[in-house]
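Here is the structure we will look at, set down as structure tokens.
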């Protein structure tokens with residue numbers, strides 16, 4: 001590559017590089033600094049506290065709760081959203097026409113405000129809603145948002161409803177790109193119905209699975225709006241997420257240094273979790289011939 | 001190469017544009033100063049009514065004072081107004097003055113030297129006496145002796161009672177003591193087993209701000225308005241605190257509390273008692289026109305222990321006020337204070353505020369001043385709020401208020417209600433937890 005081409009390459013990349021510098025690199029360096037202080041970001045005074053913020057965070061009950069709650073959400077959300085979006089993609093894929101219209105229709109919840117959706121869910125699940133009145137007629141008095149088991153499930157289902165249309169688009173593009181010839185030759189070998197789905201479609205959808213799984217796993221570390229509006233992290237920290245803890249510490253209790261340390265730990269945990277999922281998915285892909 | 005230069009020039013221009021947009025020039029943040037004219041920014045509460053009120057006031061003031069320019073805008077909510085203010089201070093773009101500041105948040109800001117004491121401004125004493133708020137503001141003094149917030153409104157929190165249902169149970173007025181409340185509850189359950197006395201899901205959540213509207217309402221009543229904190233010292237009245245917790249326990253044990261989320265439980269009659277602020281009345285007028293004062297509902301101060309006099313009951317003051325930020329220049333700070341003094345020196349402005357927002361101005365004379373009497377006569381449901389302003393205790397002024405109130409929930413109130421924890425043990429655990437926070 002000659003110098004002119006290299007310069008032009010840098011030039012074309014520069015808008016993104018400047019964007020990254022302003023919105024990622026500088027905040028990251030700033031966060032690394034803040035995490036080692038007891039600063040609340042508004043006071044003129046602060047001290048360096050070494051690793052104290054990190055040590056406190058690692059022994060904090062609420063941080064531990066956020067750690068486990070994230071994996072609990074993951075266990076509920078990832079299978080539900082993958083199964084749901086795959087099913088939806090399959091339905092749309094099998095439509096003879098108007099695929100675009102249905103794809104857009106199912107994508108709409110993704111654009112819905114998390115606050116608005118949470119308010120609606122709150123109304124539906126309230127004690128005196130028609131839904132709960134009906135359940136009580138059958139002897140079922142359910143505390144949807146007050147139960148440590150049901151509250152996370154409600155939030156996971158809400159999020160699945162929001163993201164299922166978006167992920168379905170990714171699966172749909174995967175389904176559309178599977179050549180018909182593969183199915184035809186598989187049919188000659190006797191692979192039809194479930195066998196065809198299991199041994200041909202699923203492995204051929206590996207790139208979509210890879211993308212959707214990584215996106216879904218990453219999403220679990222950034223949950224905020226739904227528990228903030230619906231449960232405030234309760235009951236008994238059952239829906240207390242990383243972002244809620246960071247927000248509470250940095251903006252409610254004005255412990256910005258400590259909150260940032262939690263954010264740094266959150267980034268490391270997120271990175272490691274995604275790395276593990278990536279490796280597992282790659283192994284699975286390799287077994288089916290994907291490099 | 002020519003194309004390359006063009007691109008460089010374009011990128012440079014873009015960068016300069018970005019720099020131009022973001023830079024506001026040090027002390028001139030959110031404001032600018034022209035020759036002989038003081039300009040400052042005023043952040044109103046993020047709701048259209050309050051923003052409109054302050055815009056109206058600023059316009060009127062600027063007409064009389066040509067050398068002052070006030071830019072009124074709503075404070076950012078990202079996701080809360082407190083977070084928006086912190087971000088603005090951190091980025092050097094705080095306004096000169098803002099409203100919507102609670103005493104607790106002001107304590108956090110004061111500890112960080114982000115706001116300035118108001119009593120040091122020229123004309124402060126005059127303002128307090130002209131607005132007739134000597135008694136109200138006396139409870140607002142901070143532990144360091146300064147006055148950082150000028151309360152605009154004070155909601156003396158009251159309990160609403162479904163008078164129609166109370167009458168069905170044989171009562172003509174709300175109960176005033178703990179045993180009277182429990183007796184009402186007992187009769188309610190006999191007649192309507194599916195109804196509850198009080199629907200409040202927050203009772204089982206550690207949400208710190210919820211404690212203002214449950215624990216502190218009742219604690220202030222039980223302790224006769226005794227301090228909970230004095231500076232950094234925990235000085236709460238144990239006897240009153242334990243009695244308060246025992247009352248919550250009794251309510252729960254008698255199945256009188258609904259701790260599941262419910263939609264408009266008081267209005268629909270699912271519960272017959274509610275912690276009530278005057279901001280609810282416009283909502284009722286629109287959504288529940290059948291709610292009529294002294295017909296469908298009545299108001300009362302929080303109930304007190306049996307051995308206390310209900311006439312001396314105090315309550316919690318849901319109150320917010322104005323603060324002046326340290327980031328503004330001295331000139332802007334004084335100009336902002338002069339504007340506030342001008343607004344509150346005229347009772348008509350307080351009346352306009354009251355009419356626009358339904359939030360009672362923080363004045364000692366609200367129920368006696370002629371300027372307000374006719375409005376209160378037209379709106380009798382607001383009268384009791386006005387009368388009890390001097391009986392309402394503002395939030396604690398400790399910078400660790402959030403952690404302290406979180407511990408009241410976690411160590412005491414929540415376990416007392418959820419698992420029937422012994423109130424005395426709950427109180428002791430709470431005290432230890434709060435002392436841990438204060439270390």
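Glycine too: its Cβ is placed from the backbone N, Cα and C atoms.
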With TrEMBL as the source, identify the stretch among A:234-255, A:256-277 annotated transmembrane segment.
A:256-277
Long-range Cβ neighbours of the transmembrane segment (A:149-172) (under 8 Å; 6 or more residues past either end):
69, 72-73, 76-77, 80-82, 84-86, 88-90, 92-93, 99, 103, 105-110, 112, 114, 117-118, 121, 125, 142-143, 205, 208, 211-212, 215-216, 219, 223, 226-227, 230-231, 234-235, 238-239
Who are the long-range neighbours of the transmembrane segment (A:12-36) in its own chain, taking Cβ under 8 Å and residues 6 or more past its ends?
48-51, 53-54, 256-257, 260-261, 263-264
